[in-house]
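One structure below.
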Ligand code: G16
């Protein structure tokens with residue numbers, strides 16, 4: 001069986017590649033201005049179908065989103081059968097296909113992929129796809145559907161939903177009717193799974209005080225509203241920043257990325273939040289979560305992905321101990337270089353901790369090596385993975401006391417409240433609420449697990465971010481040559497200093513992170529390193545940002 005060349009030709013002519021753009025499958029798929037992605041979506045449709053054929057017709061997910069990016073951006077990423085990110089070797093195929101300059105070149109690239117990846121075209125192709133609320137979404141989905149049609153894929157439209165729900169669907173579809181069944185492959189199945197587990201975990205606990213959820217004016221607003229119906233009064237919450245149809249509102253001065261980067265309360269919440277109240281922000285596609293609270297004096301305190309990891313890991317370790325499973329179930333944590341030094345120290349004193357490059361795919365794979373792998377990026381993207389062996393252990397274990405039995409039941413419910421396919425803001429929110437409830441913690445007690453080192457994150461716009469290459473889990477630069485030793489010199493001049501530079505995989509910028517013992521020192525270090533990066537990358541002196549030192 002061969003490709004239906006005519007159908008692909010017709011589709012490809014309808015979705016021509018812009019001549020002057022080089023596309024790249026980055027940290028989380030393709031991501032750039034929504035208006036230039038038409039050809040990419042058509043080709044991703046074909047690629048997803050080929051990936052499915054390669055995997056014997058197992059369902060592949062396609063999510064159209066640019067997550068935390070501003071509204072004019074959009075993107076697309078593929079989801080592998082267990083709900084995890086696309087296998088790295090296929091990211092290269094995605095980049096190659098997206099850059100084929102003409103229809104003929106595209107067909108040649110497809111044939112070459114079919115041969116090298118040994119794809120049997122007679123196998124079925126099954127995909128499930130969804131989009132977030134971005135205005136550019138419908139047109140991009142139409143291009144994607146043209147790709148599915150051109151190759152004859154069986155495609156299921158999951159509509160407008162969150163990225164983690166799409167990941168859940170993929171795993172649920174592929175495990176349906178097997179011993180590994182992940183749940184019903186519907187939104188109802190997802191919400192029921194999470195909310196039933198949450199309710200079990202908080203049974204008998206005092207009622208939670210109301211939570212405020214900043215929905216980033218994105219698709220999380222729709223999902224959170226649905227979740228409320230399933231939770232009833234087991235978790236009272238109010239939704240803010242739910243303007244999903246207001247132009248330009250998405251992720252604008254709100255949402256998880258805004259809170260984490262600016263370390264501030266979204267201005268839209270300043271009149272809504274009260275001292276002592278806890279709140280959380282989702283990002284544009286609800287795969288990231290950042291908590292925060294106002295103390296009694298009304299001062300803002302952020303509880304980021306590192307704080308979530310510390311809270312959750314300690315709770316799981318405690319439940320494992322209560323269930324008398326310490327010998328059989330080992331918990332480990334995975335972080336990236338962005339993890340606050342204080343969080344790494346806190347965790348390393350208690351558990352094995354690994355540092356990997358940015359990107360959920362790296363964290364996810366590292367976490368799979370533990371019995372229970374807790375992974376969170378500082379930006380609030382993360383989850384907890386329970387290995388198949390651990391799941392079997394939990395289901396086979398015979399507790400010998402009522403306390404052990406409760407610990408075991410809690411662990412089993414945790415495996416259900418957690419979306420183990422990918423970081424999921426709503427599932428993570430329920431997880432955090434469970435732990436806060438069990439520990440009787442307010443934001444203050446949670447925050448005091450450790451004190452964050454002051455830190456600063458800065459973006460630098462450069463001509464070519466690909467000139468920046470890193471090693472040692474992105475903690476050191478190998479290119480441009482000589483820049484790392486200049487950074488080292490600066491770091492040594494700041495007490496408790498640490499800084500690293502890496503190219504973003506989702507935005508056309510280089511990111512600079514710095515921390516130090518004092519806030520002023522962390523800011524200074526970040527802006528000095530940003531200045532170095534800007535000058536080194538040949539930035540125009542006239543447009544050099546004035547805060548760079
Ligand atoms: C994506 C990835 C995250 C990553 C973030 C920023 O998040 O899934 O793992 O931390 O991009 O990546 P970078 O620093 O390379 O731009 P999201 O929420 O935007 O999908």
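Positions of Cβ are set from backbone N, Cα and C atoms, glycine also.
Keep in mind that this is a model prediction, so the values were computed, not measured.
The annotation domain 'Alpha-D-phosphohexomutase alpha/beta/alpha' is assigned in TrEMBL to 60-88 (among others). Residues of the same chain lying 6 or more positions beyond the ends of the domain 'Alpha-D-phosphohexomutase alpha/beta/alpha' (60-88) and with a Cβ under 8 Å from any Cβ of it are 25, 28-35, 37, 40-41, 44-45, 47-49, 51-52, 94, 126-132, 134-137, 140-141, 144, 163, 166-171, 174, 182, 247-252, 255-257, 283-285, 287-288, 359-361, 364, 379, 420-422, 506-507.
Per TrEMBL, active site, phosphoserine intermediate is recorded for 67. Residues within less than 8 Å, Cβ to Cβ, of residue 67 (active site, phosphoserine intermediate) and separated from it by at least 6 positions along the same chain comprise 28, 31, 75, 132, 163, 283, 284, 285, 287, 288, 506.
Look at TrEMBL and you will find 108-177 (among others) tagged as domain 'Alpha-D-phosphohexomutase alpha/beta/alpha'.
On the 0 to 100 pLDDT scale, the domain 'Phosphoacetylglucosamine mutase AMG1' (207-289) averages 97 in this prediction. Per TrEMBL, the feature domain 'Phosphoacetylglucosamine mutase AMG1' maps to 207-289 (among others).
Feature annotation from TrEMBL assigns domain 'Phosphoacetylglucosamine mutase AMG1' to 304-441 (among others). According to DSSP, the domain 'Phosphoacetylglucosamine mutase AMG1' (304-441) comprises 74 helix, 18 strand, 46 coil.
Taken from TrEMBL, the feature domain 'Alpha-D-phosphohexomutase C-terminal' covers 457-530.
Looking at which of 108-177, 207-289, 457-530 has the most CB pairs under 8 Å to the domain 'Phosphoacetylglucosamine mutase AMG1' (304-441), the answer is the stretch 207-289. Note on the domain 'Alpha-D-phosphohexomutase alpha/beta/alpha' (108-177): DSSP counts are 37 helix, 13 strand, 20 coil. Taken residue by residue with DSSP, residue 67 (active site, phosphoserine intermediate) is part of neither helix nor strand, so it is coil.
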